[in-house]
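According to Swiss-Prot:
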ACT_SITE  Cys178  active site, acyl-thioester intermediate
BINDING   Arg81, Gly82, Gly83, Leu84, Ile85, Thr86, Phe87, His88, Ala147, Ile148, Gly149, Gly160, Leu161, Ala162  substrate binding site
DOMAIN    37-217  domain 'BPL/LPL catalytic'
SITE      Lys144  site 'Lowers pKa of active site Cys'
Amino acid sequence: MSVTKAAVKAVHLGRISYHSALKIQQQHIQQHLDSSSNIPNTLLLCEHEPVYTIGLRQAPYPPAEEQRLKALGADFCRTNRGGLITFHGPGQLVCYPILNLGCFKKSVRWYVCELERTVIKMCGKFGIKASTSPDTGVWVGDNKICAIGIHCGRYITSHGLALNCNTDMSWFDNIVPCGIVGKGVTSLSQELERDVPPDEAIPKLLEAFTEQFNCTLTYNGSLS
């Protein structure tokens with residue numbers, strides 16, 4: 001007997017503010033929680049204006065440090081995702097899966113591992129050998145290429161992953177990314193020694209997601 005695959009819809013939001021993306025996520029989450037709604041599982045794809053965000057594990061961030069980061073021209077936002085401080089900005093492909101894990105597997109640990117495997121598989125499609133480490137995320141050697149921080153309530157996921165494509169990496173010089181001392185950051189462009197914009201990464205990411213999560217996927221943009 002064949003098993004029906006979960007259906008996922010990918011939506012490209014373009015470049016939007018972090019706060020706008022949070023509102024869109026909350027709308028999708030609420031629709032999932034509304035028993036009368038039949039909203040599909042969704043991947044929200046976007047880039048952000050420069051913003052530093054901190055997660056639930058972050059100790060109270062010193063006001064002086066917050067002001068220092070804002071003075072650089074970035075926004076600053078506290079979130080309910082897992083993890084510590086990171087940066088989002090132009091040239092970084094951000095993917096927010098709003099999924100009902102009941103359609104997949106009701107395990108947050110499984111879900112995070114599948115996100116990591118998705119990005120590793122996507123990197124492989126570019127010819128980049130990536131891996132996991134004891135620290136959440138995806139790495140190329142000792143350099144993080146993709147940060148992962150999620151939230152899950154009543155098995156509905158939000159937040160997600162941030163893949164460095166052709167990001168201005170100097171933004172990371174102002175923080176200790178994800179609170180991990182002694183490690184660096186990298187991007188698809190750095191690893192391939194050519195410009196790789198987010199739009200080039202989207203088809204490979206969606207292909208890898210479809211394979212890893214064993215789902216059907218529709219996309220409102222061109223995959224060519």
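Glycine too: its Cβ is placed from the backbone N, Cα and C atoms.
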Cα separation, the residue listed as 'active site, acyl-thioester intermediate' to Lys144 (site 'Lowers pKa of active site Cys') (Å, whole number): 10
10 Å Cα neighbourhood of the residue listed as 'active site, acyl-thioester intermediate': matching binding-site residues from Arg81, Gly83, Phe87, Ala147: Gly83, Phe87, Ala147
Mapped DSSP class for the residue listed as 'active site, acyl-thioester intermediate', helix or strand or coil: helix
Among Ile85, Ala147, Leu161, Cys178, which are recorded positions, the residue with the most C-beta atoms within 10 angstroms of its C-beta: Ala147
Neighbourhood of Gly149 (substrate binding site) by C-beta distance under 8 A, where only residues 6 or more apart in the same chain count: Gly55, Thr79, Arg81, Gly82, Gly83, Thr86, Thr136, His159, Gly160
Where Gly83 (substrate binding site) falls in three-state DSSP terms: coil
Densest Cβ neighbourhood among Arg81, Lys144 (recorded positions), 10 Å radius: Lys144
Extent of the substrate binding site in Å [max Cα distance among Arg81, Gly82, Gly83, Leu84, Ile85, Thr86, Phe87, His88, Ala147, Ile148, Gly149, Gly160, Leu161, Ala162]: 15
Long-range Cβ environment of Phe87 (substrate binding site), under 8 Å and at least 6 residues apart: Pro50, Val51, Tyr52, Thr53, Ala74, Trp171, Phe172, Ile175, Pro177
DSSP three-state assignment (helix, strand or coil) for Ala147 (substrate binding site): strand
